[in-house]
Amino acid sequence: MTVMEQRKRKIIHILSNTREFVTADELSAALRLSTKSIYRIVKAINEDATIDYVILSEKGKGYRLSFHHQEKPQSQKAEMPNALTTVERRNKVMEELLLISPKRKNIFSLYQPFYVSETVINSDEKLISEALQRFELTVSRKNKMIGVNGAEKNIRRALQEYIQQTRNIRLDDLHMTNEAFNRYDAEFVLRQLNLIENHLGLVIPHPYNINLFSHLYILLRRFRKVGNSFNEDILDEKEKQQMQENPELATIAKEIIGNSEQYLHTKLPENESYYMYQYLVSSRMQKATDELEDLSEQVKLISNAFIEKMSTQLQRSFEDEELFGKLARHIKPMINRLRHGIEVKNNLLEQIKLEYTDLFFATEETAREICQVYDLPALTEDEIGFVTLYFAQAIEEHPQQLKVMIVCTTGIGTSELLKVKVHKKFRELAITAVLPSRDVEAALKQHPDTEMIISTVQLTIDSPIPVVIVSAMLTTKVDVLRKIAAVSQTIGLTESKTLLFEALQAREASGNTMIAEDFALPHIESAVVKKSGIVLVRGEKVLWQGTLQAKTIFAILMKTDETTAVKQAVIRLMKCFAYEENLQFIAEKSKEEIEAFLLNQRG
């Protein structure tokens, strides 16, 4: 799979897991690409004539996946629904070459079912070669015979990834009539997984069950293609000793390979038991009775290193016995996977990167440092995603609270109201004291760990602690945006206050609309706006952007098909806001005076 195809797949996966719009910035962060690159990839997806879905885009909101066929132009629909796409053809060729390795095949015989030119064949060969490079595999062609060369473990790694990427493997609902798998081989493999579970008295968790299924299925398919010639590696003494470290799993591995030999009516190489053993050890199959004391010293050290480094990076404590236990039980088989080149696919990876972007990057940096210290192979993004989830769970279960004081003129009445509102809206804030402004300095000495002060009045104190001035009503940006949307529906600017509110939120998420002290200029051009207009909100201060507050909110709403004359008038109006006196005029003057001002700007 080419880099471009991987990026397309990631974007489609992210969009398919939400009904909401996803901004270009969010996709950019998840894929670590520029927003221009995101635009080009989305354009390429929409121009693909073989798919029936389309990625919709809306200015200020982002992208959304739509499966309504009529939304893709007819000229882009596939004329041959039964024809393979370029990627599907290339994948089938690559799978065949991997399965028959080290044998070769006549290239024209290989491509005979696809009816393509030699130019296309040469292009495919180049792209397949590039895709297999990261598995340390090469593609060679001689006298019209083509084949894949490389170590058996690398061929299986490539096949493992290919099968898991191109086939939707759901073992709980694997229909044996599925053309993606040989019915009898798949049934046999499922029986072996059930045997493993019965021996161990547990259920093999996802995605390790998928890995085991793929590994054994690939073994059967490789044998059917090339017999025993695919595996000539000899089991050495070190590998034999490793199998003695867990006699129970070693016995099960030998039994599974023995059953496979009976099924295939052949004698398989001895190291197939070792490969199966490594997959079992690398799967998280601890019993409920397994104790942390049974973990190696290295597993404990690495688990503690993750906790300590993540605590430092995120400036919060992850010191927790429960987290350590969960993490250590995951890291034990993970180390084995890393050392033996066994990869697991994380189906939630794109969602994790989108939902926990900063946490994922922090985990990635921490993992890089730890792998260097303990001489481990680098973690794949899939593995990083799994580790990220443990810290995400810890954060969700134990949110870190910011210690705050609430201050007002007298310390009674409005401050108590504010306390209730803060507690209700901001669970991440721990209120340490409610007091009048005259007692602040004394209270800070009693509570030196205070991290922020929320006050309804200006304070003159000598302290580095940030002070946020709010109204007792604690009106937020969200409240104001809802009000703007509701007013807009009432006066006929939109038919849906809900859709307009969502559009305004999406626009605010894309950038700061504070243009001056106390003045915010939310503006949007959207299909949900049916009639262009302006909504003005003035009064109490509102937390708008971080600790920045707005007292005047001047919202400009414009429909997407507005006339050029109106658009030019809006541009002239925007230019007026560059002057302080105009902002002050909007903030202070009456409704009638402002209307006259706006009419003058419209020209």
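Cβ coordinates come from backbone N, Cα and C, glycine included.
The feature domain 'PRD' is assigned by TrEMBL to 180-290, 294-401. Summarising the annotation, TrEMBL assigns domain 'PTS EIIB type-2' to 402-494. What TrEMBL lists as domain 'PTS EIIA type-2' is 459-601.
Helix, strand and coil counts under DSSP for the domain 'PRD' (294-401) come to 79 helix, 0 strand, 29 coil.
Helix, strand and coil residue tallies for the domain 'PRD' (180-290), in that order: 77 helix, 0 strand, 34 coil [DSSP]. Each residue of the domain 'PTS EIIA type-2' (459-601) gets a DSSP state, and the totals for helix, strand and coil are 60 helix, 41 strand, 42 coil.
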